[in-house]
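Colleague: Here it is, the structure, as structure tokens.
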Amino acid sequence: MSAERSEIEQFMRGLEHRNPHEPEFHQAVQEIAESVMPWYLAHEDYRKAQILERVTEPDRIISFRVSWETDDGDIRANRAWRVQFSHALGPYKGGLRFHPTVTQSVLKFLGFEQIFKNSLTGLPMGGAKGGSNFNPKGKSEREVMRFCQSLMTELYRHIGEDVDIPAGDIGVGTREISFLFGHYMRLQNRWTGVLTGKGCSFGGSAVRMEATGYGCVYFCEHMLNHHGEGLEGKCIAISGSGNVALHAAEKAVEKGARVVTLSDSDGFVYVREGLQQEHLEFVKDLKQNRRGRISEFAENYRGAEFHEGEDPWRVTCDIALPCATQNELQENDAEALIRNGVMAVCEGANMPLTAGAARLFAAHNILHAPGKASNAGGVAVSGLELSQNAMRISWSHDEVDSLLQKIMTEIHLSCVQHGTSHGRVDYVRGANIAGFKKVADAMLAYGVF
Ligand SMILES: NC(=O)C1=CN([C@@H]2O[C@H](COP(=O)(O)OP(=O)(O)OC[C@H]3O[C@@H](n4cnc5c(N)ncnc54)[C@H](O)[C@@H]3O)[C@@H](O)[C@H]2O)C=CC1
Ligand SMILES: O=C(O)CCC(=O)C(=O)O
């Protein structure tokens, strides 16, 4: 066994022992450890300062009960967390997720990834994530409002514009951010940019809603261009039908690609001719306002097929954009995509590939952009929202979009710079080393911290 391999195994054994029953967190750390270990071992100062051991231990985890009342007057209790992982590069920053699958392990993996993603944006932001096992599906507007207000009644003590600035994620969109923000103001009696993803008429930034999906397509285009290819005419399979999936689809269609799928947890829709803007508007209204299922799209449009209980990875495509959730694309899905000729996989979601699927793509030289690089556009525009709030100004759509494009270009360059060997770019390694190095240097500069 090589020295590197045995260091990784020894490090992971210790981490698993200290953090039992947290498989998602182990997976996210293992990916970073595999990428950075050779470089880490070559730098005695980082090793001596125990950077890897310290950066995998959250600064703190706040866990609390959220009690709320249903419309029928019944009392419910959920569990919520805020994982403040690292503020080495700036105030804690990262979304809130409301979904029944939320656990401490899921939020630790997301908070950990957020440290390096935020580092890649070049903006001064640390890494955090939070959320609750609350399921918004089937809840009335008033129930969601009462839940958000109860959650903020505890969370407000732990956040602040220079301390920790939450935002949205799965199950938390503009509606939820508005309820949370309104309640924060009531509790604190002051207006401050303590959350991002706010409505544009009350301190939100232009393009924040679109930024993750648009940024993912900008990154994908750079990755293709760098390898002598382009987006125009490419067939794209997208999973999910939420904020990230729909805006990725919108930008890809605008750039002349043929987007053939969208999905939710019930199944996927397939449109051979490619989705049009009119279809995307229908799904936006369906998901954001009517809160319906993707199958309703197929019921309303001839030529759209609904595949119940399946994910979209068996359709023939050039590019796959997984934009739903973690570990949604597994080894057998990767095999099917490779068999069908996929050339690039660009992650809109956080850690949507299992480790086995990622290994298969690497072994077949398929271009693979990890979420911490390709979906960083969302948090980057959140960073720009913070700047606008601090300056009490609003930038136009075009101003923010051009800054977003610039940031995605820089992130792509960082991946190329740190991930190229023998003429091939390993985007996973490049993103991990580029993101990690800045955090490690800051920790070193702070001394014992
Ligand atoms: N909203 C943002 O700005 C950012 C989001 N992300 C990531 O993108 C992904 C999607 O987030 P959003 O679009 O914001 O959330 P959303 O709540 O708007 O949409 C989530 C989508 O994923 C699907 N989904 C969720 N759980 C699923 C499951 N178990 N099986 C199949 N489908 C499932 C839902 O049906 C929905 O279509 C997540 O991984 C999130 O962490 C990453 C960066 C920023
Ligand atoms: O905008 C933000 O602060 C966080 C976005 C997020 O949660 C993510 O990048 O996964």
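Heads up, residue numbers simply count up from 1 along the chain you see.
Even glycines carry a Cβ here, placed using N, Cα and C.
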Colleague: Kindly point out which candidate in Lys93, Lys139, Lys406 is recorded by TrEMBL as part of the substrate site with Gln114, Lys117, Gly168, Ser382.
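Modeller: The one candidate that TrEMBL places in that substrate site: Lys93.
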Colleague: Any idea what the Cα distance is from Gln114 (substrate binding site) over to Lys129 (active site, proton donor), rounded to a whole Å?
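Modeller: Cα-Cα, rounded: 8 Å.
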Colleague: Which of the recorded positions listed here (Lys117, Lys129, Asp169, Ser382) have a Cα atom within 10 Å of the Cα of Asn243 (NAD(+) binding site)?
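Modeller: The recorded positions passing the 10 Å Cα test are Asp169.
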Colleague: What count of other C-beta atoms do you get within 10 angstroms of the C-beta of Thr212 (NAD(+) binding site), across all chains shown?
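Modeller: Result for Thr212 (NAD(+) binding site): 31 other Cβ atoms within 10 Å.
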Colleague: Suppose the substrate site is Lys93, Gln114, Lys117, Gly168, Ser382. Which further residues of the same chain have a Cβ inside 8 angstroms of that site's Cβ centroid?
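Modeller: So the extra residues in range turn out to be Gly94, Gly95, Asn118, Met125, Gly127, Ala128, Lys129, Ala167, Thr196, Gly378, Val379.
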